[in-house]
Structure formats: structure tokens, C-alpha cells
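A.B. asks: This is the structure I have questions about; it appears just below.
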Amino acid sequence: MTSTPIIPADLLPADGRFGCGPSKVRPEQLQSLVEVGSSVFGTSHRQKPVKDVVASVRSGLADLFSLPEGYEVVLGNGGTTAFWDAAAFGLIREKSLHLTNGEFSSKFASVAKNNPFIGDPIVVSADPGSAPEPVSDPSVDLIGWAHNETSTGVAIPVSRPAGSENALIAIDATSGAGGLPVNVADADVYYFAPQKCFAADGGLWIALMSPKALERVAEIKDSGRWTPDFLSLPIAVDNSSKDQTYNTPALATLLLLANQIDWLNGKGGLDWATSRTADSSSRLYQWAEASEYATPFVTDPAHRSQVVGTIDFDDKIDAAQVAKILRANGVVDTEPYRKLGRNQLRVGMFPAIDPEDVSQLTKSIDWVVSQLG
């Protein structure tokens with residue numbers, strides 16, 4: 001093959017963005033930056049115009065997740081990566097337990113292990129592509145896992161393990177929040193970032209925190225434990241209650257996030273969003289199961305993610321070459337997670353992505369593979 005094949009136009013998706021974060025941003029979100037941006041860009045984040053945007057985000061998320069009484073929407077700068085450190089400083093009293101099954105679920109466990117103020121965590125691991133069973137241990141005061149392991153496309157439902165009454169349940173929902181079913185009351189901390197289901201830029205973390213979690217934040221503060229101000233959950237809680245962040249936020253991120261939340265709520269809320277991602281994912285997995293050369297990487301259908309699909313290819317087909325040809329035709333970011341090292345494609349199926357585009361993607365893949373023979 002001397003030149004890049006040109007995929008027929010009738011096989012291409014209308015929008016070729018299938019990244020797992022940063023993810024597709026709707027055109028209407030970008031237009032909203034133009035329409036409302038002049039009233040907030042270049043203005044103080046301590047004044048009403050910007051605080052109104054933060055208030056919209058907080059109230060919109062409370063509606064989207066049907067936030068139980070006493071729960072608070074807390075936010076801060078730095079993304080999920082910063083929140084892991086903030087949680088190690090401000091949520092773990094003595095010792096934590098972590099379920100790990102991939103790159104991102106392992107990161108919080110690593111942060112907890114390296115924090116000098118708490119004990120070494122208990123780590124319950126499963127191989128990439130599979131899911132550990134949520135468990136408890138009487139020695140721990142926080143149990144954490146990823147609602148959706150972005151690197152592998154494995155989803156683990158949110159629940160309270162037996163015997164966990166004295167532990168906070170902290171769920172990393174970075175790529176799952178807004179696209180997977182959840183009852184937030186089953187967690188004490190449900191935290192995420194805007195660049196996945198919420199179709200915004202990164203650099204912000206959001207945590208839905210229960211009264212029990214808020215009490216833990218205050219308890220650890222009162223203990224005198226040293227914490228960098230940037231990672232201080234008491235400071236984040238206080239600022240969030242005033243509809244602001246500790247330090248200057250990226251306003252474009254907040255505006256994109258606010259618009260996406262309004263869009264999701266306007267369409268029917270979390271039920272609508274999860275039915276849309278279920279539609280998209282069923283199209284991808286059914287195609288793979290019927291394919292002669294592709295198969296879902298996650299073998300247990302109960303743990304196949306609705307928002308991140310990983311598809312293994314027969315060794316005779318070079319998935320990297322397929323992704324390269326797709327990219328040359330405007331269908332982008334289908335490459336697998338770099339450290340997983342598998343012959344596969346990874347497909348984002350967040351709410352902004354049209355299920356019809358997922359179907360078109362499978363047609364494009366079939367056509368590309370037919371040209372490689």
C-alpha cells in the first residue's frame with residue numbers, strides 16, 4: 001500500500017472525534033464561549049459574573065446526580081491527579097484500601113503509599129481487562145476504586161461493600177461520571193474531571209461529598225496534619241461554598257462544563273445520558289462480537305464500559321495501522337492506551353458522541369481492514 005486509502009464519505013462518521021479524554025466538544029459549547037465569554041473572560045474570579053458560572057456548575061451537577069441531602073459539590077484546580085494527593089492528605093485518616101485493575105486505578109493507590117502521614121494501603125488487584133470485587137477491611141477508613149478504568153474500558157458499579165460502615169467510599173469517576181449509572185448515595189466521595197463525559201478541558205476536579213466525608217475533612221484539619229494549601233480540602237470546601245476556587249480557574253473550562261451540564265439536564269438528565277452511552281456501546285460491542293477479526297477486550301459483558309470501549313484485533317490485522325488510516329481520514333484518537341501494549345483500538349463513547357457516529361466508525365474500520373488485505 002503506497003498511499004493512504006480514502007474512506008468513502010458515506011462510511012465516515014459525521015464527527016470523527018472518539019478520544020477518551022480530552023473528548024469531543026459539541027459545537028454549541030464552543031459557540032457559548034463566544035456568546036457569554038465577554039462577560040466573564042478577563043474579569044475577577046472573586047466577583048459575581050464568574051461566581052455565577054461556578055454556581056451554575058454546582059447547582060447543575062446537584063440536579064444531574066439527584067444529590068442527596070447534605071451532600072456538597074466541591075471543586076478545585078489541578079484535575080483528578082491533584083485530587084488524589086488532596087484525598088491522601090485530607091480524607092484518609094490512617095489507612096486505605098484500593099481496588100486496582102489498570103493504570104489510573106493504580107495511581108491513587110500509589111499516591112496513598114507515598115504519602116508520609118498515613119500507613120501503607122491495602123491493594124486488591126485484578127488484571128487489566130477484568131474487575132476486582134469490592135471488599136472491605138476493618139483496618140481501613142477509606143475504600144477507593146475507579147467507576148470506569150479509562151485505560152482498559154472496565155466499569156465497576158458503585159456500591160458499599162459489606163463491613164465498610166466505618167470507611168469512606170471514594171469513587172474515581174473521572175471518565176464515568178455523567179455517562180454511567182450511579183446512585184451517589186452509595187459513595188461518600190464521587191470525584192471526576194470535566195474532559196470526559198462533560199466535554200470540557202481538563203485542569204479542574206469536582207467531588208460530590210457526603211456529610212460523612214465533609215466531617216472527615218474537618219476532623220483531619222483539626223488534627224493539625226500539615227497539607228499544602230493547594231491540596232487542602234478544607235480550603236476547597238470553604239471556597240466552593242462561596243462559588244469560587246482557591247486559585248484562579250480556567251474560565252473556558254468552567255463555561256464549557258456549565259454548557260454541557262445544562263445540555264445533559266435539558267435532554268433528560270443522567271437517565272438520558274446513560275441510555276445514550278448504552279446505545280453507543282451496544283453498537284460497538286455487537287459489531288465486535290460479530291466480527292471475524294475483532295473482539296471485545298473485556299470478556300465479561302457485565303464489566304464492559306458504556307463510555308470507553310476497547311476492541312482487540314486478530315494478530316493478522318495491525319490495529320495501529322488501522323488507527324493511522326482512520327486518523328488520516330479525520331477519524332481521530334482511536335489508538336489504545338499507550339502503556340497497555342495491546343493490538344487494539346480504544347473508542348470514547350461519551351454522551352456528546354452520537355451513537356450513529358459509532359455505527360459509522362465500525363463501518364469505516366471494516367472498510368479499512370478490507371483494504372489492508
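Even glycines carry a Cβ here, placed using N, Cα and C.
Summarising the annotation, Swiss-Prot assigns L-glutamate binding site to ARG46 and lists sequence analysis as the type of evidence. For PHE104, THR150, ASP172, GLN195, ASN247, THR248, the entry in Swiss-Prot reads pyridoxal 5'-phosphate binding site, with the evidence type sequence analysis. Among the features that Swiss-Prot reports, N6-(pyridoxal phosphate)lysine is placed at LYS196.
Surface or core, plus neighbours and distances: that's what I need for these features.
C.D. replies: Under the DSSP three-state reduction, ARG46 (L-glutamate binding site) is assigned to coil, being neither helix nor strand. In the structure as shown, the Cβ atom of ARG46 (L-glutamate binding site) sits within 10 Å of 12 other Cβ atoms.
DSSP assigns THR150 (pyridoxal 5'-phosphate binding site) to coil, not to a helix or a strand. Cβ neighbour count for THR150 (pyridoxal 5'-phosphate binding site): 24 (other Cβ atoms within 10 Å of its Cβ, all protein chains included).
In the three-state DSSP classification, LYS196 (N6-(pyridoxal phosphate)lysine) falls within coil.
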A.B. asks: Which number gives the other C-beta atoms within 10 angstroms of the C-beta of ASP172 (pyridoxal 5'-phosphate binding site), all protein chains shown included?
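C.D. replies: There are 28 of them.
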A.B. asks: 10 Å Cβ neighbour count around ASN247 (pyridoxal 5'-phosphate binding site)?
C.D. replies: 13
A.B. asks: Comparing the recorded positions PHE104, GLN195, LYS196, THR248, which residue's C-beta has the most other C-beta atoms within 10 angstroms in this structure?
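C.D. replies: Neighbour-count leader: LYS196.
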A.B. asks: Does DSSP put THR248 (pyridoxal 5'-phosphate binding site) in a helix, in a strand, or in coil?
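C.D. replies: For THR248 (pyridoxal 5'-phosphate binding site) - judged by DSSP and reduced to three states - the answer is coil.
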A.B. asks: Quick one: which of these recorded positions, THR150, LYS196, THR248, have their CA within 10 A of ARG46 (L-glutamate binding site)?
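C.D. replies: Near ARG46 (L-glutamate binding site) by Cα: THR248.
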